[in-house]
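In what follows, a structure is listed as structure tokens, so that the remarks can point back to it.
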Amino acid sequence: MHLPTLSLVEELIARRSVTPDDAGCQALIAARLAALGFEIHALPHGPADARVDNLWAIRRGQGDGPTLVLAGHTDVVPTGPLERWHSDPFVPSHRAGLLYGRGAADMKTSLAAMVVAVEEFVAAHPVHRGSVAFLLTSDEEGPAVDGTVKVCEWLAARGERLDACIVGEPTSVRQLGDMIKNGRRGSLSGRLTVVGQQGHIAYPHLARNPIHLAAPALAELAQQRWDDGNEHFPPTSWQMSNIHAGTGATNVIPGELVVDFNFRFSTESTPESLQQQVHALLDRHGLEHRIAWTLGGRPFLTRPGSLTDALSQAITAVTGLRTELSTTGGTSDGRFIAQICPQVVEFGPVNATIHQVDEHCEVAALGPLKDIYRRTLEAMLA
């Protein structure tokens, strides 16, 4: 175990930072970074009743070198049923070499390891090249509209150059270091409304049943091959998540059918091309329809280069593992950072219990995680 990292992650877990509440996590981290000579910028955003806390902190070195950003979120998801937890989710607890608490894996362990890694790096290299920065938000587990995306807009307006970024998401699968995420698929959601005509169920000739009308089109959408993917991404997928029609009465043909759906799309497709294909298919089926579209994020990919090399080599040096680069899984705030930063990867602890009751991480992995971050800093900035 590594006591400085353990102590900090316990302090962070003890703060009830259920999204979008930061609960003082960023102030705690900012104080430690300020002591290292970081410029601190608190960037709150959003309405007063749902304020999001954001933090940008940067330590500028001397001479040429990249700006390496360590990014993450201080918010956590709700606990779920407290009675199912074996201990209070906001009281750090140890059992059998595991640290339990909400955020233990996603992602307060990564934040603590990053902070301590930077403290060790600055102590060893007080005069370093390039810059090291932190980008933190309390709006990753929520709508993600007042968090990282707003900080990125602010950074772009200031002309701040970002060269590389590590997002501390829990990417490891079976053991620390076995996977780096070097990209993510895009996410495009839609709410489809198919218009029919309400009527009595005994007189279908006087009505138009939107369920019956839409069924063939929905079946075709589910079977459609949108693209073939590529060496980095699987083929684009389309999935329905919710279907609703009817008044609740059993003798009424509904007037509308509402379907929620989502694309997870590769770099072989664009939001515009997918939207066009969906509308064309529905038109071909003769459906009167409308769709409210929401673009959650475009896909991004960081090809092997200086950042993936430095991080991969650090993982091998600390764990002995040869890591895997992968683009699987859901979206993260990396999708926003990738719009202003050419190299974005995600790396953190094992993700087996994230968002679950009794979320936990392995205490013995805290030191190695911190060492991996520190070695990456040294490779790029020392």
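A Cβ is built for glycine as well, from the same backbone N, Cα and C atoms used for every other residue.
The following features are taken from Swiss-Prot:
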ACT_SITE  Asp75  active site
ACT_SITE  Glu140  active site, proton acceptor
BINDING   His73, Asp106, Glu169  Zn(2+) 1 binding site
BINDING   Asp106, Glu141, His355  Zn(2+) 2 binding site
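Everything Swiss-Prot records as a feature, shown here on the structure.
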residue : record                : contacts (Cβ under 8 Å, 6+ apart)
His73   : Zn(2+) 1 binding site : Met107, Leu136, Thr137, Ser138, Asp139, Glu140, Glu141, Gly147, Thr148, Asp333
Asp75   : active site           : Ser17, Val18, Thr19, Pro20, Asp21, Asp22, Thr137, Ser138, Asp139, Glu140, Glu141, Gly142
Asp106  : Zn(2+) 1 binding site : Val76, Val77, Glu169, Pro170, Asn351, Ile354, His355, Glu359
Report task. State the count of C-beta atoms found within 10 angstroms of the C-beta of His355 (Zn(2+) 2 binding site), not counting that atom itself. Result -> 14
Requested in this report: Let me know the DSSP-derived helix, strand or coil state of the residue listed as 'active site', please.
Outcome: coil
Query raised in the report: Given the recorded Zn(2+) 1 site (His73, Asp106, Glu169), which additional residues of the same chain have their Cβ within 8 Å of the Cβ centre, ordered by sequence?
Result: Gly72, Met107, Ser110, Glu140, Glu141, Val167, Gly168, Pro170, Ser332, Gly348, Ile354
Query - Beyond the site residues Asp106, Glu141, His355: chain residues whose C-beta lies within 8 Å of the centroid, for Zn(2+) 2 - result: Val76, Val77, Gly103, Met107, Ile354
Report summary line: Counting every protein chain shown, other Cβ atoms within 10 Å of the Cβ of Glu169 (Zn(2+) 1 binding site) number 28
Query raised in the report: When you measure from the Cβ of the residue listed as 'active site, proton acceptor', how many other Cβ atoms are you left with inside 10 Å?
Result: 27
